[in-house]
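According to Swiss-Prot, the protein has these features:
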BINDING   H564, H568, C665, H669  Zn(2+) binding site
Amino acid sequence: MKAAEIREKFLKFFESKGHTIVRSSSLVPGNDPTLMFTNSGMVQFKDVFLGTDPRPYSRATTAQRSVRAGGKHNDLENVGYTARHHAFFEMLGNFSFGDYFKHDAIKFAWELLTTVYQLPKDKLWVTVYQEDDEAYDIWAKEVGVPTERIIRIGDNKGARYASDNFWTMGDTGPCGPCTEIFYDHGPDVWGGPPGSPEEDGDRYIEIWNLVFMQFNRDAQGNMTRLPKQSVDTGMGLERLAAVLQHVHSNYEIDLFQNLIKAAARVTEISDLTNNSLKVIADHIRACSFLIVDGVIPGNEGRGYVLRRIVRRAIRHGYKLGRKGAFFHKLVADLVAEMGTAYPELKEAEQRVTDVLRQEEERFFETIEHGMSILEAALAEVEAKGGKVLDGELAFKLHDTYGFPLDLTADVCRERGMTVDEPAFDDAMARQREQARAAGKFKATQGLEYSGAKTTFHGYEEIAFDDAKVVALYVDGSAVNEVKAGQDAVVVLDHTPFYAESGGQVGDQGVLANAATRFAVADTLKVQADVIGHHGTLEQGTLKVGDVLRAEIDAQRRARTQRNHSATHLMHKALREVLGAHVQQKGSLVDADKTRFDFAHNAPMTDDEIRRVEQIVNNEILANAPGIVRVMPYDEAVKGGAMALFGEKYGDEVRVLDLGFSRELCGGTHVHRTGDIGLFKIVVEGGVAAGIRRVEAITGDNAVRYVQELDARVNEAAAALKAQPSELTQRIAQVQEQVKSLEKELGALKSKLASSQGDELAQQAVEVAGVYVLAATLDGADAKTLRETVDKLKDKLKSAAIVLAAVEGGKVSLIAGVTPDASKKVKAGELVNFVAQQVGGKGGGRPDMAQAGGTEPANLPGALAGVKGWVEERL
């Protein structure tokens, strides 16, 4: 039974038992930055189990894409070395939310395994928590499993309820016993049953875990029964497939064998048992699905984990002899295997391929040099009888050549060595400290504040009359008084000043009363709900307890709001034009522009830019109102509000409806889309692999930009004696004229060079049977120099020639050597002899080479030395 059929039978079985088939959630958990990746089927149902996310069903079943690489759950270092560890795997699960409990969960599992999958009953063993008599009795008395194959597992992890068979969501909250089902591969395989000293062997393999959420644990450790008891089960598809296909390694199942064969094809390796092929086959699944879910290779967080996995796969390909990009070629094979079950993979095939290719090409630029350094260092350690690689060197490989630590550790492991990780960590810490010392960090960092939070009025007001000073800071320390001329941070109890957040810059403005004036240059958060006003006291003395009028720079705020609102419209438009894979990766919104970074792996075309501009400007013309609502996070997301992956939102969120856009946002915005005025994209470019950046302007800035552009068009039209509407046609005509003139000029140069070549041939000097010529060819370009050298070689038959030309203070050099002389005189060496004397360098083939220089004054002397240089070699 193939993996695809196993997956399908699982889902259909539970659908027949009243379960709703729920699509796999993203590998990037929504609204939970504490979890690096989705690593089990229950992640998407966490809030359902907690009772905060009601669903229209009480039974669900899923085939959940999962990743265990990075963060608390990390199997990456074991991938390729064991039979059952994967960076990516599929978790089959069925769930009950206050519906059925132990009886049905156990009976469903037994029926599926023994009736649908037809596993022999005598091959199945089960474990239960030692105190879970109910589950024990169901297995023994109702299902009929012999008691010798039912094993009670106690608290085997050093504390009460700390057991392999007792599950907890955390220190407090839902928890309960679980029962696990094992498959016995038979006495020919080493290992003992669960709970025995030999349980880590491969004979008894866990295939399914049924968790019974039965209790709620409070902070004191007290257990009370939940009013609604639930079930969460998980069974690894790969493990189940190995059992059903009668193999002992997950890498021997059909799905992996097809990917391993594909990896062998692109790496040109015939040994299908090679561990590197297993790594590559596993990693193409993890990398592809992470990219499908919006993760892009980067230097931090999830992006860095993806980069580590890609580079680990590349290193294994390099180990197999690949010196160029190969990994991305496996995406099509993965789509063939899993595209039907996961249509989102097929839809994103080209994007995934492009992102992986770009990341590969980037790493292949440095891997060879880095590997040579690493191999040399390991050889040196081995020669000294050592077993540990210097952590400083590992850090150099990380910092200079892009080698993640686990990649270096992987190579060491293959040689029976380890990395000095504490020394690596020390080197990393030193670099971070140096970066911190060199950088200019905001003064709010490290400020100690324990007072009340600031009440923000900036959504409705631009000024607040009775703002009380509750804290003052100078040079990072709390003070009671600030004097004129001092820079300080002021914390108020109430303020209209927006603190930098969500990409929007902080407000500027003034804090003042009759005797005092404090100019606010920036506004930043001291803590989550505490706002710091950074600036300079221009007049008077400011004390804690003083009352001030706080007034923002209204014009600057208005321009910033226009840009922020335009960013929302642009984000939506980009998704419409480029696709739903577009996700915000960063932004900066200030009074001058909006800068927006997003996931997309190709430059935008002119047409795509125009379409985005048109969509946004149509929304502006519609003059739709901006509607702000505060609601529960889950309600907002269900209502279509766009939330940014990786951001942590509170239970209550602020939702902005602006035209066709709906996003979670705490920033300030225009009242109507028409307030934006005009939207214009002025810059589009790449900032990293798979990340594009757009800069745009709005309002009066956009009007000025268009007017200035119009003026330049008129100037260009006048210079070409054309109307602005005829400019494109006129430029094309001029380009044709230039092309024609360049062709004529080239012909004249060739003719001149030919005639000069005849004259130059007469200047050649014979040295040991070889004609040597070094001369300047006035007015020649590189092409003409090359053609002339070829003609002279034909004419002189046996020759070593250097020709030079000077234009605009730069020297061009071409050297040519006939085949009979090139064994002793190399054109590359000859041209470099001259180039080094004129401030340049070059290279090429033994028979033809070129170079350049920047010191034409030295050229005559350099050419004069050619004859002697050739004589020495002949």
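In case you wondered, yes, glycine gets a Cβ from its N, Cα and C as well.
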Neighbour count check, CB within 10 A, over binding-site residues H564, H568, H669; minimum at H669
Close in space but at least six residues away in sequence, with Cβ under 8 Å from that of C665 (Zn(2+) binding site), the same-chain residues are G502, H568, R654, V655, L656
Other than H564, H568, C665, H669, the chain contributes near Zn(2+) (Cβ within 8 Å of their centroid) the residues Q504, Q561, S565, T567, G626, L656, L658, E663, G667, T668
Reduced DSSP state (H/G/I helix, E/B strand, rest coil) at H669 (Zn(2+) binding site) is coil
By a three-class reduction of DSSP, H568 (Zn(2+) binding site) is assigned helix
